[in-house]
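> Take a look at the following structure, please.
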Amino acid sequence: VVITIVNSLSVKLGSYLQNFLTAAKMIIVTIIIVSGIVLLAQGKTDNFKDSFKGSKISVSSISLAFYNGLWAYDGWNQLNYITEELKNPYRNLPLSIIIGIPLVTVCYVLINVSYFTVMTSTELLQSQAVAVTFGDRVLYPASWIVPLFVVFSTLGSANGTCFTAGRLVYVAGREGHVLKILSYISVKHLTPAPAIIFYGAIAIIYIIPGDINSLINYFSFAVWIFYGLTVLALIVMRFTRKELKRPIRVPIVIPVIVTLVSIVLVLAPIISAPELPYLYCTLFILSGLIVYALFVHLKFSWAQKISKPMTMHLQMLLEVVPEEDVTE
């Protein structure tokens, strides 16, 4: 709720908060990595012997493992949502991805190495908060720092997602894919407040009933359907819309690989270990087509009688207006 309010009130405030939380995250990452290196230098290598003993190798288990791993790296796509607000996006977007992903990879690997210097794989899996357990065992009197900075890290991830996903909803409203109210801009704060509030409300609903593992698996199942479709659209448009200007281009082999990976990630868990929640997840996604057909595409008169008063009252309550058309 706090993150939603902050991003609805000010773009600068949201970006300043993100800068602070990211700096805090890097501080605790550095502390954990340096502590792990010191422990390794002292000969704490017992937990690395027979590291993969008892591992199960199957298409299903590997796919679910990728769900967790790719969840950790999910920030790779978020900058694409705010391309309009980036300075010199043709340079800064690829540059940030090229710098960001290797940096995150190195940090994740070194942090996990640090964890295994003081925990067995069983202890790591049973820990409610791995970083906190690490801090209790290594940092002693200063262990309180770890949960504090873990909170900063978590809030930073949530704030970044709120900032970027709000823009995704906003553009969907502008393009006519969802209700038009979601593309309105705050008169006072110049932020896409309705889109951000809508995203915040959906996020709150998601986190009420589920445990983290279920959320990761079903979110990943759903999101890789859309990643796959998005990249497939890139391939299709490369051949059907050749006349479009493409300031940023990638070799065609990359989207082909991503599409194939998406198909494997979506189908493998269903084929290997079918569960009803995957069906529920699919039905929930398809239910969006019903809302889209009734309120956006077909514009039935009774649906407009519901949506128009709602739009008017929300517009007055939130003090938002449609985006101005800028003619070049």
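Cβ coordinates come from backbone N, Cα and C, glycine included.
Not measured: the values here are computed from a predicted model.
As listed in TrEMBL for this protein:
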- 20-41: transmembrane segment (TRANSMEM)
- 95-118: transmembrane segment (TRANSMEM)
- 144-170: transmembrane segment (TRANSMEM)
- 190-209: transmembrane segment (TRANSMEM)
- 215-236: transmembrane segment (TRANSMEM)
- 248-271: transmembrane segment (TRANSMEM)
- 277-298: transmembrane segment (TRANSMEM)
> Under a Cβ pair cut-off of under 8 Å, which of the recorded stretches 20-41, 144-170, 215-236 contacts the transmembrane segment (95-118) most often?
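By Cβ pairs under 8 Å, 20-41 leads among 20-41, 144-170, 215-236.
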> Counting only residues 6+ away from its ends, which parts of the chain sit with a Cβ under 8 Å from the transmembrane segment (277-298)?
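That would be 176-179, 214, 218, 221-222, 225, 269-270, 304, 306-307.
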> With Cβ-Cβ distances below 8 Å as the criterion, list the same-chain residues six or more beyond the ends of the transmembrane segment (144-170) that contact it, or say none.
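Same-chain residues near the transmembrane segment (144-170) but 6 or more away: 3-4, 6-7, 14-15, 17-18, 21-22, 24-25, 27-28, 31-32, 75, 78-79, 81-82, 84-85, 129, 131-132, 134-136, 178, 182-183, 192, 195-196, 198-200, 203.
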> What parts of the chain pack near the transmembrane segment (248-271), using Cβ distances under 8 Å and only residues at least 6 beyond its ends?
59-60, 62-64, 66-67, 70, 90, 93-94, 217, 220-221, 224-225, 227-228, 231-232, 234-235, 238, 278
